[in-house]
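Straight from TrEMBL, the features:
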- 40, 41, 42, 67, 83, 87, 236, 240, 241: L-histidine binding site (BINDING)
- 60-326: domain 'Aminoacyl-transfer RNA synthetases class-II family profile' (DOMAIN)
């Protein structure tokens, strides 16, 4: 885990995010210093590496970030939200860390059972090569990228109109771009593009396609290519990406109990940013990096919606057992038993009242999802047992008390 400051000087964040910079929260402190709230966890990480002259690190980081965006509560989009980042920094052989990042995303989304998903991958060098062979001036690469990135939400004609009307591209150049960016597939598409007469002559595109082929070979060994798509429309709007980029999207939400199923779109994204650390290093020393960011709130919005639709209660605690008593004046018995359970590594809990009613204690188990109640009353103490109750089925079994607990109780029976 790596912490980073909540706010930074504005110059730390400016020039790193492209058109998305308009979503940065800017502020000014009492001394007049211009600051900005943390937009993501990647730029602070790169700055940390540069400041501490670190050239090799693998880390994860869960923290809040802030974006001056239009909230969409049902889609898990907020102005203040948590991200979970995983990054690998260091000079390694091509595509091995990148493949590991994609493996992690695949594993997380599979284990969470969010439904069908797809991880789209592309490479900024391939996109830049496409723009070059289509006659787009280099000064317009970044703006063209941000427009292409809208293809997952808009039809090609609207994207083309924006390229021509707002970004100043010629209709012919936009059409040539459209022939490429609407393609998606796997190794077959990569092989086909490597034979493309124009792209094969472009150095950047050739490098990107070579690495993409290597990446898919590693992903095949990981056994996850069924959920991976080489998608030439994926652009990722952030300026700092330099190579492979990826984004995980949910394909559908299976929800038969609501009229409008929740739709959150992208739940994770990332890529390679080999030049970002050098922006913060006084000598411009570069540290190759690749990482992925997972939107926690977006995932929670899906899980909460599914739980609500199914009628299942969501457990709000990991507590395994609640220590309960049915009569008054048995606080000492609860304290001693819960101490035994804690010492045994069992996650136990009790109500913070001297004489709570048994019904209230059992209701607390139902409300919070605690599966078991360990009930110790006067008769149980006399018999040297504890009554273990399954809260959902109401079945009960009697089990011997711990030896140490029995000895302590015998000494303090009058408590």
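Cβ atoms are placed via backbone N, Cα and C, with glycine included.
In TrEMBL, annotation is done automatically, which means it is predicted and not curated.
In this record, L-histidine is bound by 40, 41, 42, 67, 83, 87, 236, 240, 241; the longest C-alpha to C-alpha distance in that set is 21 Å. Across all of the domain 'Aminoacyl-transfer RNA synthetases class-II family profile' (60-326), the predicted model scores a mean pLDDT of 88. Around the Cβ of residue 83 (L-histidine binding site), the number of neighbouring Cβ atoms within 10 Å comes to 20. With respect to Cβ neighbours within 10 Å, the binding-site residues 42, 236 differ, and 236 shows the lowest count.
A 10 Å cutoff on Cβ-Cβ distances gives residue 40 (L-histidine binding site) a total of 21 other Cβ atoms nearby, all chains included. Neighbour count (other Cβ atoms within 10 Å of the Cβ, all protein chains): 26 for residue 241 (L-histidine binding site).
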